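Feature annotations, courtesy of TrEMBL:
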DOMAIN    1-69  domain 'Ubiquitin-like'
REGION    78-138  region 'Disordered'
COMPBIAS  85-98  compositional bias 'Basic and acidic residues'
COMPBIAS  110-120  compositional bias 'Basic and acidic residues'
Amino acid sequence: MVDFKFIFNKKKFDISFPLDDKVSELKVEIEKMTGVPAAMQKVMYKGLMPDGKTLREKSVTAGCKMMVVGSTVSDVMSVSAPDPKQLKEEEKAAEAASKEPLSTQKPHKNVLDKHGKPDDILPGIKNKKEPLPQVPVSGMYNKSGGKVRLTFKMESDQLWIGTKERTDKISMGSIKAVVNEPISGHEEYHMLGIQLGPTEASRYWVYWVPAQYVDAIKDAILGKWQFF
């Protein structure tokens, strides 16, 4: 057994738990103490704690502090339902978009044709999944051609979107969705849409994201669940 603390919603909780039990089992215990369903939790200690690892494998020690991020079911259910008209418009847009790859649709094709492939982009690997690197994912650009780097601050549950002009620190809990699609002809790279508001129009597009990091990026931002 190991005694440690975890912090949730600015409150500290004392817990004693077997070192050789998995993080997924720890989440069940945390659910009993906080009311946050295990599937809706992100547990962080020296980075995001994978469900399949034991506390011993993650080098948990007595007296350490973990961070727990998540929403209770009542919190999620209290979110106002989207406007039906808005949903219909988005369904129509999605249906139209499904007929043609995103990267060949005019708005995105114009961006890709104008700015081309960055010279300093990280190497992309198709059909491979890798964890997030220890350094920011960089070398990409946004729809205006401005260079973009993505930094994942798991201890504060924030995504930092950095450009030459500014760095926006965004709460991951406020991000509604993350969509992605391979770039036609360069499938080792994806275009990634980070939805910062209620509609598709609020997506922040990042181009030339190395394919091997896409799943890790989505898991880091959304966790392994999405309430929609």
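Here the Cβ of each residue, glycine as well, is placed from N, Cα and C on the backbone.
TrEMBL annotations: computationally assigned, not manually curated.
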Just to be sure I understand, if DSSP states are collapsed into helix, strand and coil, how many residues of the domain 'Ubiquitin-like' (1-69) fall in each?
15 helix, 25 strand, 29 coil
Where does the mean pLDDT land for the domain 'Ubiquitin-like' (1-69)?
92
If you run through the compositional bias 'Basic and acidic residues' (110-120) with DSSP, how many residues end up as helix, strand and coil?
6 helix, 0 strand, 5 coil
